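*Asks:* Here it is, the structure, as structure tokens.
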Amino acid sequence: MSGWLVGLDAVLSPDAILMIVLGVGTGIVVGALPGLTATMAVALLLPVTFTLDPLPGMMLLVGVYGGTLYAGSIPAILLRAPGTPSAAATVIDGYPMTRQGKAGQALSISLVASVVGGLTGTVLLALFAPQLAGVALTFGPPEYFMVSVLALAVIASISAGKLSKGLVSGFLGVAIGLVGMDPIEGFPRFTFGTTELSAGIPFIAVLIGLFGVSEALTQIAGNRRRRGAERPPVGSFSLGRGWLRRLGPATGGSSLMGFLIGLLPGTGGDVASYFAYNETRRWSRKGSFGKGEPAGVASAESANSASTSGSMAPTLVLGIPGDSVTAILIGAITVHGLQPGPQLFEGAPDLVYGTMIGLVLMNLAMLPIGLLGIRLWPRLTAAPTTVLWPTVVLLSLVGAFALRLNLVDVAIALAAGALGFVLTRGGYPLAPMVIGLILGPMAESNLRLSLIISGGSLDWLARPIPIAVMAVIVAAIVLTKLSTRRAMATPAGTAAEETPKDRD
Amino acid sequence: MHVRGPALAASFVLLAAACGPAADGGGTGPGGPIEIIVPYAAGGGTDQTARQLAAAAEDTCGVSTVVSNQEGAGGAIGFRTAADAPPDGSTVGVVSVELAMLAHQGVTDVTPDDVSGLLQYNFDPSALTVSSDGPYSSVDEVIGAARDGDGVIVGTSGAGSVWEFAAEGMAAEEGVEMTYAPFEGAAPAITAVLGGQVDAVTVSGAEVLPQVESGELTSLAVMGEERLDILPEAPTLREEGIDWVLGTWRGLALPEGTPQETVDELESCFSEAARSEQFTDFMDTGGFGVEYRGAQEFDTFMAEEFAAFGGDGGGDDG
């Protein structure tokens, strides 16, 4: 208990508080710009923290991390251009809400869900960090493989009703993920002999093109056909009537799932948000997911915020980074001569407990800072469409370039934009492609690692976690099949009502 | 008014892009600014050390330095950019052991021949590390188990990575077979040995230090010429009777064809920076091994490394 008091004392200093506020503010701006990721912002600010004390430095970085993850949803909702990979799942329901004139509500939900997810995750971290970090160690390649197959099965339910098109899109994503160095043999695959492609097609450049650029192309093409089309209003910023009852279960459940997925080293907000979104959709009986369902936004956003805290657990307890951002946070700790890991709890309680309390403060700070900005964001999109969409293309391409200062990434973003445009025209959903792109490589390398470690046998499939996950996969597919049939049997429902608006 | 939002946003992009170098401070000296090309992402070990060295060199060289990250293709993109820069001392490339490896793997055609060494500032040897609860408590036991066909599984930080090479070379030296499991980076490999998924890892000593200090992992040997200060208990492989030295190194290089007087000038001020207290303190606290070689010596060293990695799994000159 004394550790908590030491931490509280350390974090309630003007320095630390100032850094939290600064960090969150910076994070929100960075996150709202496609292509500028949490990893990049944290990496660029890292040298600044060398001159600060460990705790204020840590507060600056986690503030940026949290702010970025929240703000990625802003362009995802308003422009269908997720600011960070973690916000890709937010697009599915967030952008339809904007088209239906409920942008204000979607932005409010995303802010509140982010804060609730972050707080829930932090409480879980504080209560169970040491025990849960140990659980992460029982996850070897076989477990990771089965979890990635489970997440790939999300494609089936996300594309319910148009399964074949969803599968085509999903396979395309997996195929793009194959490009680059073979993860096991180290041999270049599908690189056409170029050096530029040997590290693979960068995921974020594809994401920028697939959503930001392709939506701009769609809008520009649509604009030429019907000039002066009415723009949907922003609508009220209230959460809507009975919000607690409507959004509470989705937010709570998704926060828990997001935290658990964040715990696993190597999986972060992007996997967490898709995973939680899909489970929420499965448990809900509504057919309105994917057509502007507020609970969908709440679910994706709470999950990616909660995953931040989850990925802090292996970082603080084991000294193993949960994702690329926490890998940099470890650097921020070691530069002060401290070693992350179990001994940090005794060696520097002010830092460990201070960080956990700081995470709570960071989430609390996000609410007022987010509210300050929330009415401003829709104004940006109120620019005339002839200015707005070309600017989105420009910003997207600048973002793609900023990733690695490489023109190849700009070309990839443009190509992905063209692909996204064509696929959307043809009625192919884009979400399965993103899922395939994230999880295809993860499934491949873990399957092959499992086989290497077991000497080629399939014994590892019989371990407890893989068996349990397999049962969940079978259940999920059966349930999806049943619910699709039920939806077909009752064609007149909420789904039918929303369709005309959705086509706008 | 309408245009201001996006314009503001665009300027922030530029601001953020400029933020890294700006954070290192900017003094102007007699010469123009020196661009330092880091071939890996911001935030990694190479980037952190390079940024610290760049900051120290601003004082010793009297010019401002600008760090730019040109990552991709395992480092090949950044190596290529540095090698192709004008040979006038305005561009300095950060080079690492991968420069001696990538051409042999068919990734790129850039080799140490395309650059002129300026100085080496770091060497981190591989450490053969196992779980403290596991069956192995010495190098002999690991090699013996492999010889008996018990299927020793070694986790590495990736296919074709220097740590995979370290494990393969050790096994080849003893004439035994092991199974190599290439994880995506050192962290998942360390997780796997902690969780008992693999028997051992061969990542650097600094990377396993937190787990060794907490007692969960034990380093059985380090693959350096000498023992590591941070892991004083672990003998070198040579002490254990295995003639194998391998590790990762980092240094600075200029484009091939840079005039000798420019090389000399930069060597003297950058080596002063590399030996400054500010820089060596950073290296110590970060767990990076300090090893210094001057321009001439580093050039020869890189050529030896390149030849060694080209041999059939050979290469024992650290």
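Numbers run from 1 along the shown chain.
Backbone N, Cα and C define each Cβ position, glycine as well.
All TrEMBL annotations are machine predictions without curation.
Okay, these came from TrEMBL:
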{"type": "DOMAIN", "residues": "A:17-435", "note": "domain 'DUF112'"}
{"type": "TRANSMEM", "residues": "A:16-46", "note": "transmembrane segment"}
{"type": "TRANSMEM", "residues": "A:58-79", "note": "transmembrane segment"}
{"type": "TRANSMEM", "residues": "A:106-129", "note": "transmembrane segment"}
{"type": "TRANSMEM", "residues": "A:144-160", "note": "transmembrane segment"}
{"type": "TRANSMEM", "residues": "A:167-187", "note": "transmembrane segment"}
{"type": "TRANSMEM", "residues": "A:199-217", "note": "transmembrane segment"}
{"type": "TRANSMEM", "residues": "A:351-374", "note": "transmembrane segment"}
{"type": "TRANSMEM", "residues": "A:386-403", "note": "transmembrane segment"}
{"type": "TRANSMEM", "residues": "A:410-440", "note": "transmembrane segment"}
{"type": "TRANSMEM", "residues": "A:460-479", "note": "transmembrane segment"}
*Asks:* Restricting to CB pairs under 8 Å, which listed stretch, A:58-79, A:106-129, A:144-160, A:386-403, A:460-479, is in contact most with the transmembrane segment (A:351-374)?
*Replies:* A:106-129
*Asks:* With Cβ distances under 8 Å as the criterion, find the stretch in A:16-46, A:144-160, A:410-440 that has the most pairs with the transmembrane segment (A:167-187).
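*Replies:* Between the candidates A:16-46, A:144-160, A:410-440, the best contact partner of the transmembrane segment (A:167-187) is A:410-440.
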*Asks:* Could you tell me what the rest of the chain brings near the transmembrane segment (A:199-217), counting residues at least six beyond its ends with Cβ under 8 Å?
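*Replies:* The answer is 34-35, 37, 75-76, 79-82, 85, 88, 91, 95, 176-177, 179-181, 389-390, 392-393, 395-397, 399-400, 403-404, 409-410, 412-421, 423-424, 430, 433-434, 437-438, 441.
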*Asks:* Could you tell me whether the transmembrane segment (A:144-160) and the transmembrane segment (A:386-403) have 3+ CB pairs under 8 A, leaving out pairs under 6 positions apart?
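*Replies:* Touching, no - the transmembrane segment (A:386-403) and the transmembrane segment (A:144-160) miss the threshold of 3 or more Cβ pairs under 8 Å.
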*Asks:* Six or more residues beyond either end and a Cβ under 8 Å away: which residues meet both conditions relative to the transmembrane segment (A:16-46)?
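*Replies:* For the transmembrane segment (A:16-46), the nonlocal Cβ contacts are 10, 52, 55-57, 59-72, 74-75, 81-85, 87, 204, 207-208, 211-212, 324-325, 328-329, 331-332, 354, 358, 361-362, 365-366, 369-370, 373, 377, 395-396, 398-403.
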*Asks:* Any residues 6+ beyond the ends of the transmembrane segment (A:106-129) with a Cβ under 8 Å from its own?
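*Replies:* Same-chain contacts beyond the ends: 66, 69-70, 73-74, 77-78, 90, 93-94, 97-98, 237-239, 243, 247, 251-252, 254-256, 258-259, 262, 294, 297-299, 301-310, 312-313, 316-317, 356, 359-360, 362-364, 366-367, 370-371, 374, 377-378.
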